[in-house]
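Heads up: the structure comes next, in structure tokens.
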Amino acid sequence: MTKYIFVTGGVVSSIGKGIVAASLGRLLKNRGLKVTIQKFDPYINIDPGTMSPYQHGEVYVTDDGAETDLDLGHYERFIDINLNKYSNVTTGKIYSEVLRKERKGEYLGATVQVIPHITDALKEKIKRAATTTDSDVIITEVGGTVGDIESLPFLEALRQMKADVGSENVMYIHTTLLPYLKAAGEMKTKPTQHSVKELRGLGIQPNMLVIRTEEPVEQGIKNKLAQFCDVNPEAVIESRDVEHLYQIPLNLQAQSMDQIVCDHLKLDVPQADMTEWSAMVDRVMNLKKTTRIALVGKYVELPDAYLSVVEALKHSGYANDTAIELDWINANDLTAENAKKLLGQADGIIVPGGFGQRGTEGKIQAIRYAREHDVPMLGICLGMQLTCVEFARHVLGMEKANSFELDPDTAYPIIDIMRDQIDIEDMGGTLRLGLYPCKLKAGSRAAAAYNNQEVVQRRHRHRYEFNNKFRQDFEAAGFVFSGVSPDNRLVEIVELPEKKFFVAAQYHPELQSRPNRPEELYTAFVTAAVKNKNQSL
């Protein structure tokens with residue numbers, strides 16, 4: 001029988017529900033259980049694919065092509081699993097599906113209501129996420145906070161699950177903020193008490209509290225919370241601020257969180273062996289070197305827009321025994337005149353993805369600087385496309401070369417719209433999304449990075465591609481197409497082999513990086529940056 005764990009939040013948003021859920025998932029996985037995890041987002045968008053990065057952060061893409069919340073990146077990195085489209089559910093997605101069924105007459109003339117139709121659809125998504133992955137345990141995080149009007153159908157569905165599958169198969173975990181008032185010199189439990197009161201008013205009694213705090217919590221405070229919130233004192237778990245996120249699973253295990261969960265759900269499984277994870281954390285906490293990477297982007301005011309890129313760089317840093325120091329460079333501010341000032345101290349340059357014209361000329365200048373000064377450079381998605389544009393302009397003499405996306409009237413459309421995208425009008429959910437194969441060129445930098453594999457599978461999110469009309473011109477000038485689709489139609493990786501490291505990929509390698517298993521192309525880039533730093537000393 002599948003076990004269901006529901007994680008809700010109270011008092012304030014952004015208190016780390018996703019990290020708590022992911023950490024618990026890692027602990028349960030290390031007990032030998034097959035775990036999956038999903039995120040409920042109560043916004044009305046179908047998915048975050050068309051949302052501004054300034055509002056939502058990055059869009060995380062799954063193997064099967066779902067555009068999802070960035071928390072799924074945390075889930076995959078912590079638990080080391082590949083999630084699917086059932087792992088992110090929004091209000092918009094649920095209402096869209098219910099209304100589509102209503103139009104088809106599938107409700108046989110019934111009045112369509114929040115209860116039972118919306119709540120039934122939500123419960124079906126929970127169960128589908130578990131069955132499609134054949135999981136022993138599914139953890140469902142509900143975005144937002146208890147008391148938000150848009151969360152009510154989600155919480156009602158969670159309440160109903162207890163009756164549907166039995167109380168011994170359901171556990172409710174409530175995460176809240178425990179504020180510390182410096183003036184009074186004490187922690188305040190009242191916000192948590194009111195949050196739990198609100199949750200109980202909706203028919204959900206939490207079985208565990210996870211309290212986010214900056215200071216250590218005395219047992220007396222935990223006892224008070226247990227008494228007023230009707231949970232066992234040992235089920236009041238402290239989630240204190242840490243230096244590194246990957247410490248959190250170990251901190252939760254030290255408080256027997258996973259054992260309490262297993263006892264409640266009647267799971268008789270071995271203790272979690274966190275030896276490898278602990279060794280990884282020790283390595284992270286004791287890095288001996290620092291490597292400086294310039295990240296040139298258009299959304300740098302909100303680092304969450306590049307969350308997976310940053311994490312992948314860190315993972316590859318761990319493998320090289322180096323911390324990554326990021327210089328956040330706003331592409332809008334970068335010009336040929338100030339490129340040396342902004343980029344001259346970097347050991348490596350990364351140009352990540354994006355959409356639209358703003359900032360593209362600055363990114364092109366960053367790529368040009370990397371090429372002309374032989375600074376290790378990694379381009380991702382739009383960064384790969386602009387790598388091709390830069391080469392066309394400044395090496396091949398195609399002065400007005402551009403992407404069709406950025407200039408439909410360009411005489412040299414180095415990057416063109418994909419053929420199967422030409423007649424598509426909708427923006428949402430219509431990109432080339434998900435896992436696709438990439439055939440590697442033997443002897444190339446890319447092939448070496450991937451241990452000379454012939455084919456790798458990586459996740460994509462794009463609508464434009466390299467225009468093959470220009471392929472011979474590029475190759476004649478020494479530009480290498482080191483990764484292509486198996487049918488040789490789509491360019492996936494480009495490089496200049498004579499440089500220290502000058503590689504760009506159409507796909508998003510960062511989406512498959514893990515703290516204990518860094519993505520190979522990122523690792524090759526960071527390794528080159530470390531070597532470049534050493535040569536400059």
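These residue numbers are counts, starting from 1, taken along the chain as shown.
Just so it is clear, glycine is given a Cβ too, placed from its N, Cα and C backbone atoms.
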Discussion item. Looking at CTP binding as recorded in Swiss-Prot, which candidate out of S13, S14, S403 goes with D148, I149, E150, K188, T189, K190, P191, T192, Q193, K224?
Written reply: S13
Worksheet item: Which candidate from D69, D71, D80 does Swiss-Prot annotate alongside S14, I15, G16, K17, G18, I19, R240, D241, V242 at the ATP binding site?
Response: D71
Worksheet item: Where among the recorded positions C381, L382, M384 do you find the Cβ with the fewest other Cβ atoms within 10 Å?
Response: C381
Discussion item. Of T192, L382, E405, R463, which is closest to G18 (ATP binding site) if I measure between C-alpha atoms? They're all binding-site residues.
Written reply: T192
Discussion item. Let me spell it out: for each of the binding-site residues (D241, E405), count the other Cβ atoms within 10 Å of that residue's Cβ, using every protein chain shown. Which one has the most?
Written reply: E405
Worksheet, complete the sentence: Cα-Cα, G16 (ATP binding site) versus E510 (active site), nearest Å, comes out at 22
Worksheet item: How far apart, in angstrom, are the most distant Cα atoms among the L-glutamine-binding residues Y54, G354, L382, G383, M384, Q385, E405, R463?
Response: 23
Fill in: Cβ neighbour count within 10 Å of S14 (ATP binding site)
10
Worksheet item: Among S14, I15, G16, K17, G18, I19, D71, R240, D241, V242, listed as contacts of ATP, what is the widest Cα spread in Å, to the nearest whole number?
Response: 19
